[in-house]
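Trainee: What Swiss-Prot records for S166, H192, D289 is active site. Marked as domain 'Response regulatory' by Swiss-Prot on the basis of sequence analysis: 5-122. Annotation source Swiss-Prot lists domain 'CheB-type methylesterase' at 154-341, citing sequence analysis. Summarising the annotation, Swiss-Prot assigns 4-aspartylphosphate to D56 and lists sequence analysis as the type of evidence.
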Amino acid sequence: MKKIRVICVDDSALVRGLMTEIINSHPDMEVVATAPDPLVARELIKQHNPDVLTLDVEMPRMDGLDFLEKLMRLRPMPVVMVSSLTERGGEITMRALELGAIDFVTKPRLGIRDGLLDYSELIADKIRAASRARLRGPAPVAAAALPARLRSPLNSSEKLVILGASTGGTEAIREVLLPLPPDSPAILITQHMPAGFTRSFAQRLDTLCAVTVREATHGERVLPGHVYLAPGGEQHMKLGRSGANYVIELEAGEPVNRHRPSVDVLFHSAAQAAGRNAIGVLLTGMGKDGAAGLLAMKRAGAYTLAQDEASCVVFGMPREAILLGAADEVVPLPAMSERILMRAGDRGHRV
């Protein structure tokens, strides 16, 4: 079996050693070299031609972002960022994903060694996903490069969009939200992310989009023109009802499909609370989280969309949904916003 060849770039010798130990403990991958900074890494990449690079976000001698930007321009390859759990770390990580990094893993703040060893399976999963990922170019940043804003059909506040994503999802979500007008239907999103990063992600999207994007809070009313992002790591997000209103419910619970928040938990709750007033959307991601939930939504009368293989970074979750017969339609990412708004224009049903 051909192993996934990995180079680890981190200024901490401790982290380099731990990453090597973790990666080499999995039979399908190996560390072929490590580097303390991007300048050393540049030579090692030429020498070893790795399948995946793990890259520390904040490093001396050359900033991780500068290096990533040059790498994606000159020699694109799958990169998994290793990030500290700080606000600055969160902002830098969001920018790294925009520049083309496939995914990221957090560095635990305390007891680095124990934390990283606990993360062994997660790190291995992310490296496997990265090795199979379809590379994207950097996201456009100039205002001129932003897509034309779509016009909203007449909406009822009963209609809402329920969306799930994982690997590659941050940029896919950005692409879906950017063209939406300010009077779009409410959107609830579960994107697999650790605690501490969803706030940075929501703030980043809020500055770019016409809709209001924020991290969801328990008990808040769901309003049109708003996007609610499930907080990372600690709780599941559900859609509930309070009288005639939809509300956000955040609740503790065991991980589902190894994820918390889980897309399936959100989708199953939407099937129950919104029925045919919901539009279910499943975007790029590894694994099967969301597939069964999308089927439940479809059976409850929702219209369901899955991202097509050609536009996915990792065609895992949408593929599982399609195999289950859970998707009414398979849609390329660039057409997704328009399809959502077209379906949202259908009349809402009072529940």
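Residue 1 is the first one shown; counting continues down the chain.
From the backbone N, Cα and C atoms, a Cβ is placed for every residue, glycine too.
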Trainee: Could you tell me which of these recorded positions, D56, D289, has the greatest number of Cβ atoms within 10 Å of its own Cβ?
Mentor: D289
Trainee: Could you state the CA-to-CA distance between D56 (4-aspartylphosphate) and H192 (active site) to the nearest Å?
Mentor: 20
Trainee: In sequence order, which same-chain residues at least six apart have a C-beta under 8 angstroms from S166 (active site)?
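Mentor: The list for S166 (active site) reads Q191, H192, H259, V263, T284, G285, M286, G287, D289, V314, G316, M317, given in order along the sequence.
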Trainee: What's the number of neighbouring CB atoms sitting within 10 A of the CB on H192 (active site)?
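Mentor: Result for H192 (active site): 27 neighbouring Cβ atoms inside 10 Å.
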Trainee: With DSSP, how much of the domain 'Response regulatory' (5-122) is helix, how much strand and how much coil, in residues?
Mentor: 57 helix, 28 strand, 33 coil
